[in-house]
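As structure tokens, the structure follows; a few thoughts come after it.
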């Protein structure tokens, strides 16, 4: 049994492989692909089912698309008429067409007319019969037909129909309306397979059925031209006619075949009675062909029609030539004015800005470069730069609205809820003037004895009870490195106690503390300390402070002065009374019922408890379990301790408290606010974190072309440092102090700084960035020390800030290139010249002062002008080579590479001495 592949059967049926596979699956025939094989029984089953359902599906599909429907309308009528016309002609003329003609006509390869059923041109090798009909025997010669030449077709002069056809009384079918043309197939028996292309016959001026109004139909041929000059293809009409009359061919449809849905007429069309009889069809076809002279679109006689089809191009090619598709240029859509506004925060990346404006990032970068600003697609630019760039693209930039602001935490308290609170007093002054000792005397403690170097290096908050009243003291460092701490203390305090040593006088940090207090608008009480010393002179101190507008009350001013001795406990009670008196004048009050608000005084990372911060509550009451936010950090109060280390449940206004529960170590001087829940706290913290990140990106990426060139030209060296400190305030002080050591030749860069112990991450970062690690009041564990030694990372540990600054300064000086200084050794006068073969000119010289050495450099000076700078080639005394010649002796001096010596020249001997540079 022969087998047939799926694609072969699909080609015979004129449908796609996918469609045939789908039909096979519906019939229960399993195939894997288009190259699968089918048995003969399966082939018969598929073909029967195809012809039983194919026409119905084709009609349903043709109704959906008008162009396809027009093709289907003319197929049955054309084929039926072409089948009958040769038979009538054979009877009249007594001569049948040659049998060889259909064998020589090539089938037309044209676009299939439908999607559901795609008919294929008549293939001579095999004809698929209709459903319920036995297949006829194939022709003896199944070879591929070849189209005959046009000249051979023209020789058949009697192929034109006789005039008798025009005399038959068929008037209605003479002019076929477009609507009636669709119903014409009813008179023709059902056919197994429609031909692929049909000719549209219509009157000029009438629209094609189904075509949209307003579209001009493409003309096939000008009305006045019988034979178009266009080249063309296969003679389709001739093929249809001769194939229909050729003997031995399979007839497309027998009388007994069932009618398909394609042959059913539309309801609004009434066909003439003549169409019910098959014998009337030839006369109708003949009438259609003979009506040509009355219609402007008629093709002429059959012979002319054959010639025209032979030389005319296909309709689809004609349409392409007649109506070429014009490619439209891409139109740039311009948004409306209301949409040409973008919202930008404090910083935005170049890519995000380009996306908001709907332009390419490269165009934005090009604009930035023209402005002299170097930036990549991922770098950030500030709001001003973004505004300038957006203006270039005709966009308006609006600042993005703040989601959160400090003002949202400000709550107006009613006067009834305000209650008196304790004053906050900050002790300020120069280093080693006795600030902490004075506070120890007040608190009756010994804090000074436990401080490294006897100096305060962190801000502290304490609460003192005096005669039933409380005073909160803030102790600030006096060292020059702790300027930020002193400024922070002045901003949160009510009263400043300025401590000045009676034996030392007004110093730099004393003046700085005065300025901080004036900026904060805080009243100042001057405490003259160390009056117990013999060299103490309080009057001199008062006189010096008048230069800074601090005039004692006894001198007619408004500044309170108090003389104390912290070591001898002299004048402590009087000082406290003056503080309370000043507090009464200020009438300090706060609302304890509102949500807590305060400021972070100090923060550190505790190994066992995590981030810990000293917070001074200014308003409201903070309870254990409250959610809070401090700028970028947030959390929930897990525990609170007072200044004595005791656990407390709540803290009211003017209370220093140690808070545990931060997400990270907060920034010193940051605001502290209690919120409704932790979710809101997290949202606010994340928002401020994004804002800080935008600022950092904007600051790091903002570099102009000029700055880039200068930086490359300078070749500045950098010393990278990683800082670790016990508390946040000390970390800030260290960072500021070290950064100030930078010069034009060497820069110190703090690449990372945090609180807590030195970790492995710090060591790996230092190794990658070639940095040193400085630990202040912290130490690494054994494991970290081993890793640092293996990586070659230098870890420096300190507990006094003086030593940190001194060592870092020395390290920076070691990176500086040394300077070279000329040191003149002596001078010699040329008094005679000697010409020595193979050596050159030797100057007979007399050493005037100093000495001339063999390895020294020399300068030849003539008339006060340096003529040559080089080295001594030879130094002789008489005939002996010597290392040096002292003043008052004669010698012979030869200079390397120079012989133009003259009498009276001066020879200066010198050396370049290396001098280490200092910062």
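Backbone N, Cα and C atoms are what each Cβ position is placed from, and that goes for glycine too.
Record note: among 454-458, 459-463, 464-468, 454-458 is the stretch given as region 'G2' by Swiss-Prot. Taking Swiss-Prot as the reference, the stretch among 40-92, 93-145 described by the feature region 'Disordered' is residues 93-145. The range from 471-474, 475-478, 479-482 that Swiss-Prot describes as region 'G3' is residues 475-478.
Residue counts of the region 'G4' (529-532) by helix, strand and coil are 0 helix, 1 strand, 3 coil (DSSP-based). In the three-state DSSP scheme, residue 429 (GTP binding site) is classed as strand.
For the binding-site residues shown (432, 435), fewest C-beta neighbours within 10 angstroms: 432. Across the residues of the domain 'tr-type G' (420-589), the predicted structure has a mean pLDDT of 78.
Just so you know, of the binding-site residues 429, 531, the Cβ with the fewest other Cβ atoms around it within 10 Å is the one at 531.
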